[in-house]
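Participant: Submitted below is the structure of interest, expressed as structure tokens.
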């Protein structure tokens, strides 16, 4: 991470007590500084063999309960999140010299939440959720396009319902770390650990 680092210091007495509120304020700054996909994050899951896998997805919602993303539950990340319900998230906002890491348990969002978000998506994305056998082998692009055409024909002139295999996951955090770049690699790191229904804060060596 090579970047021009502005002077910044957040002493322990200044650490906000609520990591979700701190994330919200930082996320607003990221949206002002980054034109494309400031909500992009790396999601890491783990398979039956203990091998981790990671990919970039988009954060779609967050609140005190956790951080939400949507996907095909038969995709690799969907299968792994259901079988081993823990995940790690990582946001990196280079213009801000900021990184946020989130770790926690994974739970499925409610059907009402998934339905509401699915209906807000562009129709092409709704069709794609039916047509794509996400993470499965694909012989040719034409095969995918044929499946898209089939779904478009099936739902022509009517709303596209949410597929039963498509929903959201909420990562319920028990650890959130904020990192701010400093000169000489002497970065600021503050971790929040969930304890007894609240949060304990701790500074970390860089």
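A Cβ is built for glycine as well, from the same backbone N, Cα and C atoms used for every other residue.
Heads up, here are the entries from Swiss-Prot:
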- 55-60, 70-71, 76-77, 99, 134-135, 179, 189: FMN binding site (BINDING)
- 60, 117, 121, 125, 185, 186, 187: substrate binding site (BINDING)
Participant: Taking every protein chain in this structure into account, which of the binding-site residues 185, 189 has the most other Cβ atoms within 10 Å of its Cβ?
Facilitator: 189
Participant: Quick one: Cα separation, residue 189 (FMN binding site) versus residue 121 (substrate binding site), in Å?
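Facilitator: Between the Cα atoms of residue 189 (FMN binding site) and residue 121 (substrate binding site), the distance comes to 36 Å.
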Participant: Can you figure out which of 57, 70, 135 (the binding-site residues) comes closest in space to residue 186 (substrate binding site), comparing Cα atoms?
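Facilitator: Nearest listed residue in space: 57.
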Participant: Considering Cα atoms only, can you say which of 117, 125, 185, 187 is the nearest neighbour of residue 55 (FMN binding site) among these binding-site residues?
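Facilitator: Looking at Cα distances from residue 55 (FMN binding site), the smallest one goes to 125.
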Participant: Measuring Cα to Cα, how many Å separate residue 60 (substrate binding site) from residue 99 (FMN binding site)?
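Facilitator: That comes out at 18 Å between the alpha carbons.
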Participant: Taking Cα atoms as reference points, rank the binding-site residues 59, 70, 135 by distance from residue 187 (substrate binding site) and give the first.
Facilitator: 59
Participant: Rounded to a whole number, how many Å is the Cα of residue 76 (FMN binding site) away from the Cα of residue 185 (substrate binding site)?
Facilitator: 35
Participant: Take the C-alpha atoms of residue 59 (FMN binding site) and residue 117 (substrate binding site) and report the distance between them in angstrom, rounded.
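Facilitator: A Cα-Cα distance of 12 Å.
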